[in-house]
Structure formats: C-alpha cells, structure tokens
Amino acid sequence: MSAIQLLRELIKASEKAANIARVCRKDEHLFGLLIQEKPKDEANTRFEHDFKTLADCLIQETVKYDIGKLFPELRKNIRGEENPNFTNACGESVIISVSDDRHETTENLQKVLNGDKTAALRLIDEVYRDIDLDDEGWQIPSESVSLDHEISELGIWIDPIDATAEYIQAKEKYSKFPNIMASGLKCVTVLIGVFETVQGNPIIGVVNQPFANEPEPNEFEGKVYWGLTIGDLKFNNIVSIETEDRIAVLSPTEQSKYVEFLKKQLKYDIVYSSGAGYKILKVCTGEAELFLLSRANTYKWDTCAPQAILRSLDGELFDLQDTLVNKSLKKISYRDTKITRNTGGLIAYRNIEKFKDFLKL
C-alpha cells in the first residue's frame, strides 16, 4: 500500500469530518438536537459533565466507512472514541451507522433526530459529499512511499471531535500569547492517527482544525496539519513559528507542584489551554516548547495523530511518570490495542535536546 495514498485519504476524511462539525455547529436548530450528555460510565472523570454529540458519532462512523471502503483490510482495525449508540429525545436507542445505501443511512439519522428529515438530509449531504484533493494546498508529497508494514499490523485511532466541551460551549478566550487560545472553537480538532502494532509507533497523523479562522461572523475556515514517518523518511506540512518565549502549555487543572516547578526552576511562561490534540499541536508548530499533563485523563485517540506529527519533526511524546521516576524515555506506545488510557500522564517536546535538559533537573 502507498503511504502517500493513505495519507491523502486520511486528509480527505478529516476534511469531511470538519465539514460535518461546521454544519452541526452553524445550524442552531440542528445543533440543539444533537447534544446529549454521556452516561457516567463513559464520562471523562476530569469533567463534572461530559458530552457526546451526534456530530462526534457521525464523524467517527463516516471516517470508518470511507477509509474502510477504500482499504477493506483496515476496516476491522479502525477504532474511535465514541460509542455509536445514541438515544433520541423519545428514549429510543439507535446505533449510528453509515453504509453504501444512502437511503438506509438517512433513515438511521432520522430515527436519531426524531423524524426530522430536513436535519437528516442536511447531514447526509456532508456524509456522502466528495472531497476534492488539494495536493498543493495540503502540501502532499509526490514521492512514492510504501508502507513498511503489513496491513494486518496497522491500526487507526480516531477522535472525531477533540475538546467536545469547547465545541459545545464555544466560549472564546485568548491566552496572553495570541497564537494560543485558552478556550473556544479554535481548540477543537479532528484527530486521525495510524499506528503500527509491531513496535507501537504512530506513523501517520492528521490533525484538522475545523474552526481555525473566522473570516466572517459564524463562517469558519479550517486548517489541516499532517505528518508521516516511514523508516528514515519523514514528511510533514508544518510551518514552524519562531518564538523567543519559553512556553509550556498545560491544562487549566494541572497540579500546582508541576506548575511551580516549570515556572520557578525552568523559567517557563505557563499558558493554559483546552484540548490535548490542540496543545500537542502547539508543540509541533513551535509555538510552545513543552506540553505536560500529569493526570491519566487522556486516551490513545487523543494522542496518536499529534504524536505522529511530532515524530515526523524528530520530536516525541513520552510517559511523564515513567520519565520522572525511572529517568528513561518511555514513548507513548500503541502496541497493545486493548490499552486505551495513557496512565502515566504525558510530556511532549519537539526538541529532544531541550527535553534532556529537563531530565537533568
């Protein structure tokens, strides 16, 4: 299989996902129908309330359908964050699904939407929309690069909407550094990451920012970031942003002992932001030097795609606790697909030499 061909299709799938997210967010009638609180057994313990939306479920199933149709051998190895079981306002449980039969998928969505055919058709248009390739805009390489693993050794993690709370609330807040948002729609990302199970490394990552720019009120434009590492070959479309500031980007709930250490011992400027995918992306672009998360509240679907981009830039995402306790560089791994939580926290650096300086302290 061509790695570049797979990359193209992943980018197209991410753009279709971004379109669905934008359509759902823009249409007030549709958006009001879609929000549903997650059951307690599915909720992220970091939040008092956690939400899933039909947009989450529909995006996940659309990506699985599109990639699985083109690469049937991968279909059974595509995993996502969301349980596709959705309960409508009438209490009816419906499993979200996308199939070759457009009419069947439409009827499925209508059940979720309590018979709202107009809303269902609006979404269906996006589910089955053809996405035009934009090789120049997405800076896709023209080289022929083959995957060096069998299809059976590959898997995909999808986070259909990372930072769902920001997607729902859309409370825009800037940090003291204008290129890094504290909260809001710009923190929302679609994450699609390909990993190999032999060593557990992420090899292709696509991070799509559906709401990167707002040229007109409530009219949004997205941005796509990607990275690919096959053996010694590394490709990405990252344009580095030079900054003289030493910035550590953290979660607003980060433990004070880590915050104080970074500020006082390492002289970092601390920026609080939302969305694991967004924060790691800021390390990829060079706008932040470090991302640190001490708690075990991220999952493989949060980290696979942005870690793949980091690796294409010679950076890496490590297990924080193992790093601190054992002074070893334990990378976040995807070898065991039954393990979904990153239990030791995270630390991301693009510049490994600066990471070694961190370890000395």
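Every residue gets a Cβ built from N, Cα and C, even glycine.
Over in TrEMBL, the protein carries these features:
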BINDING   Glu81, Asp159, Ile161, Asp162, Asp302  Mg(2+) binding site
Other CB atoms, at most 10 A from the CB of Ile161 (Mg(2+) binding site): 32
Binding-site residues: Glu81, Asp159, Asp162, Asp302 - member with fewest neighbouring CB atoms within 10 Å: Glu81
Cβ-centroid neighbours of Mg(2+) site Glu81, Asp159, Ile161, Asp162, Asp302, 8 Å, sequence order: Ile158, Pro160, Ala163, Thr164, Thr189, Val190, Leu191, Ala276, Gly277, Tyr299, Trp301
